[in-house]
Every structure is written in structure tokens, then in C-alpha cells.
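Engineer: Below is a structure I'd like to ask you about.
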Amino acid sequence: MANQSKSLLDKQIVSQAIIDSFKKLNPMVMMKNPVMFIVEIGTFITLILSFLPDAFGPSTVSRGYNIAVFLILLFTVLFANFAEALAEGRGRAQADSLRQTKSDTIARLVQKDGSIREVSSTQLRKGDIVRVDTYDMIPSDGEIIEGLASIDESAITGESAPVIKEAGGDFSSVTGGTRVVSDSIVMRVTSDPGESFLDKMISLVEGASRQKTPNEIALTTLLTVLTLIFLVVIVTLVPLANYLTVQLDVATLIALLVCLIPTTIGGLLSAIGIAGMNRVTQFNVLAMSGKAVEAAGDIDTMILDKTGTITFGNRMAAEFIPVSDVSHSDMTLAALQSSVKDETPEGRSIVELAHQIGAVWNEHEYAEADIMEFTAETRMSGLNLPGGTTIRKGAVDAIKKWIAAQNGTIPSDLDEKAGHIARAGGTPLAVTVNNRILGLIYLKDTVKPGLKERFAELRAMGIKTVMCTGDNPLTAATIAKEAGVDEFIAEAKPEDKIAAIKKEQAQGKLVAMTGDGTNDAPALAQADVGLAMNSGTMAAKEAANMIDLDSDPTKLLSVIAIGKQLLITRGSLTTFSIANDIAKYFAIIPALFILALPQLQSLNIMHLASPQSAILSALIFNAVIIPLLIPIAMRGTKYQAMNANRLLTRNLLLYGVGGVLVPFVGIKVIDLILATLL
Ligand SMILES: Nc1ncnc2c1ncn2[C@@H]1O[C@H](COP(=O)(O)OP(=O)(O)OP(=O)(O)O)[C@@H](O)[C@H]1O
Ligand SMILES: [K+]
Ligand SMILES: [Mg+2]
């Protein structure tokens with residue numbers, strides 16, 4: 001999707017946004033934005049005044065003045081609507097290209113008796129079993145239960161190189177709309193129609209499921225309160241003006257109100273939020289909620305899973321290493337025995353290596369065996385043979401406990417040999433037959449490139465990185481060092497990952513978690529920001545509130561930057577908007593009252609042509625500032641990786657002081673132009 005980012009001024013998007021700006025005039029829609037709704041009511045009243053100048057009491061102003069105020073107000077509302085429509089339009093364009101991916105296909109449903117029935121993909125339900133052959137489109141989201149295939153996921157990730165997906169382990173999930181390019185698989189459907197990953201993606205980028213974030217709601221409330229206060233101020237101005245025998249017309253009062261209420265931020269607020277979400281999508285990250293993106297902007301701690309997140313996760317058996325006086329062939333056979341029924345990628349790689357070395361084990365010998373599947377909880381897998389023989393392999397510390405329970409002894413060279421593998425960054429698995437440890441399997445994995453520099457950037461931003469892994473402390477230490485994370489937690493079970501997150505949260509910190517495995521799912525759900533790798537399992541993706549389509553754990557950096565930028569943009573434009581309103585106050589009030597109160601002369605620094613010209617100039621400025629700020633709302637304020645407080649101070653100065661000065665210049669220029677025109 002990265003290459004589908006649209007330029008700000010794509011012709012089609014702009015013309016659609018213009019049409020939508022008018023559609024959004026519907027009061028039922030406007031009501032959601034109280035500040036602009038007040039402007040719309042003002043527009044309506046001045047429309048009446050344009051025809052019936054005396055509709056609300058005697059009037060001294062010309063029909064032309066009423067019409068001018070009406071038109072400027074109308075454009076103010078339209079400009080605000082346009083900003084929102086433009087932001088929405090850009091999301092919709094992304095959704096449209098995704099929707100093209102989503103087409104009905106024929107699915108080969110495997111029935112109870114094993115026969116195949118062809119059905120439309122829209123008829124598939126959760127739990128259905130489907131066969132997908134070479135060149136077929138995968139009809140729905142699911143988990144592979146049989147086979148291995150290379151899959152072209154470019155429709156979703158934009159990445160053209162196919163990925164290998166296989167039954168068992170962390171690489172078994174497939175996404176509807178992607179295509180099998182070699183081999184065939186049998187999969188179990190995991191989503192009902194309309195609820196697939198692609199459906200969610202479309203409604204996300206389209207903004208259909210967008211909800212206001214808590215921050216946005218708080219700001220909207222604040223702006224509404226400000227608006228009400230100014231309403232009261234304007235109403236109380238009337239008797240005051242009467243007393244001073246200054247005639248304030250209804251159109252002038254409305255214009256004054258609109259100039260004083262925070263229309264700039266009110267008009268741009270929702271566009272800022274939508275544009276922030278669009279920017280996340282352009283980085284190939286799917287954010288399920290704006291809240292998560294904003295939370296990313298404030299993250300203190302980042303917890304990462306090792307296998308599949310920091311490393312590629314295709315852990316392969318590289319070597320069998322016997323311990324004590326066990327022969328190489330006995331060890332190889334035991335490794336094979338422990339893995340024939342292990343469907344994880346690790347298990348399959350062990351079987352493959354054993355076969356390469358020449359080990360054979362007849363199928364009938366294990367046909368009746370009891371299978372002990374691998375779990376993250378036991379950190380072991382293996383078989384119980386009918387004769388009573390138990391075969392296990394697993395994490396060294398887990399196997400040691402298992403052997404102790406069987407009254408076995410620990411070979412004296414086990415720790416040293418396991419340490420050797422671990423210090424090289426590999427994962428040692430110990431293999432046992434009954435109460436005897438025969439040796440170690442060396443599982444190799446590769447750290448993804450470029451992590452060190454990116455983690456250093458996180459450190460510079462004051463974010464702590466913690467690697468949390470089920471692997472042993474030595475391997476963890478080696479990988480932690482190679483990847484450049486600040487801390488690590490080893491031998492972590494799923495509940496330990498959650499505990500690590502809760503511990504940080506208890507200290508008032510915002511925590512991000514990145515992971516890919518089913519064992520990461522609970523932690524991804526617990527974290528304030530849960531970023532799942534697209535290569536990971538459905539469980540992980542469902543628990544997370546963001547998915548990285550490129551499966552790059554450092555992508556969070558970009559999301560953090562976007563989150564911070566979103567918060568800063570909103571803060572800056574709010575400051576600018578309110579500073580503007582203060583400046584407008586000083587432009588208009590002296591101009592209105594100067595005849596009745598000559599003492600105001602000292603405040604009349606702008607020397608505008610006439611009270612009416614002052615009002616119209618301020619109102620025009622108030623309207624045009626909205627479209628002028630659309631580029632900042634859309635692209636975000638300039639963001640630099642610097643200390644948050646310094647950034648805030650700098651922006652408050654820039655947008656606060658600028659916000660006071662710009663209107664003085666702008667209004668004066670408009671006033672001069674009006675004076676020459678009229
Ligand atoms: N198929 C398997 N059979 C037996 N033991 C295994 C198997 N796969 C992994 N193990 C052992 O169990 C440990 C825990 O595995 P788990 O998948 O929970 O975490 P991990 O993949 O090592 O780390 P991470 O949590 O970073 O992904 C591994 O470190 C390894 O020692
Ligand atoms: K205003
Ligand atoms: Mg993992």
C-alpha cells in the first residue's frame with residue numbers, strides 16, 4: 001500500500017471533496033462538530049437577513065453587508081467540511097484499491113466424508129475446511145492445517161516476494177485475497193463473511209469505523225465550552241452597546257461571535273485525526289484505532305518478543321551434539337524420534353536434518369505413539385511409545401526438571417555444550433529417552449538486519465526496549481546484545497510477558513508490545529500499543545491493535561513519530577487558533593466602539609478603514625485561514641526526534657506568538673484591499 005499514497009491535490013479526490021463539503025452541510029452531520037454547527041446556525045440567520053434585513057429588529061446596515069457576512073460564513077463552514085472530506089477522500093482511495101483485491105472466488109470445501117464441493121467464497125463460515133491449490137486465491141482468512149505453500153501476499157503487503165506458510169507453528173496463518181503460487185494447502189477458515197482481515201482493513205482505511213479518540217473528545221468538549229462562553233459574552237455586549245448608543249446589528253454580532261470562537265481548530269480537528277491514521281497506513285501499518293496511534297506518541301517502554309520478531313523466526317536445526325559417551329547415531333535417532341510428530345517448523349527441520357544424515361525410523365514403530373505436542377507452557381514436545389518408552393525434547397531447563405522428576409542424572413558436559421550453542425545466539429534443545437539425556441539439538445536463527453541503529457533511535461527518544469523470550473538466558477543475552485535492546489527477560493512463559501507489561505504500566509508507563517506468536521497474543525492485548533507482525537498467527541493479529549504488514553519490529557518507530565506528530569499538530573493548531581481569536585478581538589472591538597469611546601484609541605493599533613470593514617476583514621481572515629492550514633493538518637507539523645518538552649515549548653512559541661501576529665497582518669492587508677475595492 002505504500003506506493004498508493006495520493007498527492008494532496010489529486011484531482012479526483014479534490015472534486016469529490018468539494019461535492020462532499022456541500023453534503024456535509026446537513027445539520028444532522030454538522031451537529032457532531034458543535035463549533036462549526038454554531039457557525040452554520042449563524043449562516044442561516046444571515047441568509048434570512050439578506051432577504052429581510054429587519055427580520056430581527058430595526059437595522060442600519062445595507063443588504064450588501066448582510067449578504068457579504070452570509071457568504072463569508074457559508075464559506076467558513078464549507079472550508080471546514082472540505083478539510084474533513086479531503087482527509088476522508090484520501091483514505092477512501094486507499095480502500096478502493098484494496099476492494100479490487102476482494103473478489104468472490106470459488107472455494108473447494110472439504111466435506112465430512114472427505115469429498116470436495118465447490119462453493120462461493122462468500123458462503124464460507126468459521127471452522128470450514130478448504131483445500132487451496134496452486135494459483136488459487138485463498139478464499140478467506142484461516143490457519144493451514146496440512147501442507148506447505150509459497151504465497152503471494154502482494155495484494156495486501158505490496159511486497160512481491162512470496163512467503164512460505166506452513167501448518168503448525170507461528171507461520172500457519174493465511175489471509176483471504178492472497179494467492180498460492182506453489183504447492184497446495186488444506187486450511188481451516190477462521191473468519192465469517194464480512195469480518196475478514198481484508199474487510200477490516202478496508203473499513204479502517206476508509207474511516208468507516210473511525211471513532212473519536214479520548215483526546216479528541218476532551219478537546220471538542222473544551223472548544224464547545226469556549227464557544228458557549230463567547231456566546232454569553234456576545235449576548236451581554238448588546239445592552240452595553242445600547243448604553244453607549246452604539247448600534248450592533250445582528251449580522252455584526254454573529255460575525256463577532258464567529259471570529260471569537262475557535263473555528264480554526266474546530267474546522268480542522270477531525271481532518272488532523274483522519275490524516276494521522278492515513279499516514280500510519282502509508283507506512284504499511286494497520287491501526288485498529290486512533291487511540292492506539294496517539295498512545296504510540298507517548299510510549300515509554302517497548303517490549304519485543306525474540307523469535308519471529310527480533311529474529312526471522314525460521315529456527316532451523318543445524319547440528320546434533322551428543323553428550324557424555326552417547327554415539328552420534330544414537331543422538332541423531334533420538335532427535336528424529338522426538339520430532340517425527342512435531343508439526344512446528346523447528347520439529348520439521350529436525351526431521352529433515354536427521355534424514356539428511358541418514359537416520360531412519362519406521363513408521364509402524366511410532367504409529368501407536370501418544371503425541372506430546374509442543375506448548376509454550378511446557379517448552380517441550382515428544383512421544384510416549386506403547387512399550388512405555390518416553391521421548392522428549394525441549395528447552396534445557398525444562399528438560400532438566402523433567403529428568404529430575406524421572407530420577408535421572410544430568411550429564412556433566414550438558415551445561416557447557418548448551419552454553420556454547422547459546423553464546424553463539426542459537427537455541428539448544430535437550431533430547432531425552434526415558435530418564436537419560438542423549439544430547440543437544442542446535443537450532444539456528446538470524447537476527448533481522450538494521451535493528452541496532454533503530455533501537456538506538458528509540459533510546460535517544462527516551463524509550464526503553466526490553467526483549468522478552470521463552471528462550472534460555474544465555475541465548476537471550478547473545479541475541480539481546482546483537483540486536484541492541486536495553487534489557488531482556490528470558491525463559492518467559494506467556495503470563496510472564498503480560499506480567500512484564502503490567503509491571504511497567506503499574507509505574508504509570510505506556511507500554512508497546514511487538515510480537516508474532518500465539519504465545520504473544522495475551523501480552524499484545526494487555527499492552528497500550530500492541531503491534532503484531534503480519535507474518536504471525538491470527539491470534540496475535542486479532543489481539544493486537546496494530547499490524548505491521550512488513551513484519552518489521554522497528555516499524556513502531558515510525559508509528560511513534562506519527563503519534564507524536566499527531567498530538568503536536570493538534571496542540572499547535574489549537575494554540576494557533578486560540579491566539580488568532582485573541583488577535584481578532586483586538587482588531588474588532590476598538591473599531592466597533594471607537595466612535596463612542598474615544599479612549600479606546602490607544603488600543604486601536606490597526607487603524608482599520610471602518611467598523612464594517614474591520615468586521616468583514618476579520619471574518620474573511622477567519623474563513624481563509626482554514627484552507628490555508630489544511631496542508632499542515634494533513635501532513636502534520638514538522639517533527640524532529642527531540643525531547644518532547646522542548647518540542648512542545650518550541651511549538652507553543654511558534655504557533656502561539658505566530659497565532660497572535662499573523663491575524664494583525666492578515667486582517668490589515670484584507671482591510672486595505674477592501675478599502676480600494678469599495
Ligand atoms: N518444537 C519444539 N519442541 C520442543 N521445544 C521447543 C520447540 N520449540 C521451541 N522449544 C523450546 O521452547 C522454548 C520456548 O518457545 P516459545 O516459542 O515459547 O518461545 P521462543 O520462540 O523461544 O521465544 P519468543 O517468545 O521470543 O518467540 C524455546 O526457547 C525452545 O527452547
Ligand atoms: K474563530
Ligand atoms: Mg515468537
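Every residue, even glycine, has its Cβ placed from backbone N, Cα and C.
Copying in the features that TrEMBL gives for the protein in this structure:
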- 33-52: transmembrane segment (TRANSMEM)
- 64-83: transmembrane segment (TRANSMEM)
- 105-206: domain 'P-type ATPase A' (DOMAIN)
- 217-238: transmembrane segment (TRANSMEM)
- 250-274: transmembrane segment (TRANSMEM)
- ASP305: active site, 4-aspartylphosphate intermediate (ACT_SITE)
- ASP342, GLU346, PHE374, THR375, ALA376, GLU377, THR378, ARG379, MET380, SER381, LYS393: ATP binding site (BINDING)
- ASP516, ASP520: Mg(2+) binding site (BINDING)
- 582-601: transmembrane segment (TRANSMEM)
- 613-632: transmembrane segment (TRANSMEM)
- 652-677: transmembrane segment (TRANSMEM)
Engineer: Which one, 33-52, 250-274, 652-677, has the most C-beta pairs under 8 Å toward the transmembrane segment (217-238)?
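Structural biologist: Stretch with the highest Cβ contact count: 250-274.
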Engineer: If we skip the immediate neighbours and take only residues 6+ beyond the ends of the transmembrane segment (613-632), which ones have a Cβ under 8 Å from one of its Cβ atoms?
Structural biologist: 8, 65, 68-69, 72-73, 75-76, 79-80, 82-83, 86, 252, 255-256, 258-259, 263-264, 267-268, 271, 569, 572-573, 576, 580, 584, 587-588, 591-592, 606, 662-663, 666-668, 670-671, 674-675, 678
Engineer: Which stretch, 33-52, 64-83, 250-274, 652-677, tops the Cβ pairs under 8 Å count with the transmembrane segment (582-601)?
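Structural biologist: Against the transmembrane segment (582-601), the leading stretch is 652-677.
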Engineer: What whole-number Å value do you get for the CA-CA distance of ASP305 (active site, 4-aspartylphosphate intermediate) and ASP520 (Mg(2+) binding site)?
Structural biologist: 7
Engineer: Need the DSSP three-state call for THR378 (ATP binding site) to compare against my parser.
Structural biologist: coil
Engineer: I want to check the contact list for PHE374 (ATP binding site): same chain, sequence separation of six or more, C-beta distance under 8 angstroms. What comes out?
Structural biologist: ASP342, THR344, GLU346, GLY347, MET380, SER381, GLY394
Engineer: Based on DSSP, name the secondary structure state of ASP520 (Mg(2+) binding site): helix, strand or coil.
Structural biologist: helix
Engineer: Out of ASP305, MET380, give me whichever of these recorded positions has the highest number of other Cβ atoms within 10 Å.
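Structural biologist: Result for the most crowded candidate: ASP305.
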Engineer: Roughly how many angstrom lie between the C-alpha atoms of ALA376 (ATP binding site) and ASP516 (Mg(2+) binding site)?
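Structural biologist: Rounded to the nearest whole number, the Cα-Cα distance is 13 Å.
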Engineer: Consider only the recorded positions ASP305, ASP342, PHE374, ALA376, MET380, LYS393: which of them have a Cβ under 6 Å from an atom of ligand 3? Write none if no residue does.
Structural biologist: ASP305
Engineer: List the Cα distance (Å, whole number) between ASP516 (Mg(2+) binding site) and THR378 (ATP binding site).
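Structural biologist: Per the Cα atoms, ASP516 (Mg(2+) binding site) and THR378 (ATP binding site) stand 19 Å apart.
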Engineer: Any of the binding-site residues ASP342, THR378, LYS393 with a C-beta atom under 6 A from ligand 1? Give them in order, or none.
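Structural biologist: Within range of ligand 1: ASP342, LYS393.
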Engineer: To the transmembrane segment (250-274), which of 33-52, 64-83, 652-677 is linked by the most Cβ pairs under 8 Å?
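Structural biologist: Stretch with maximum Cβ contacts: 33-52.
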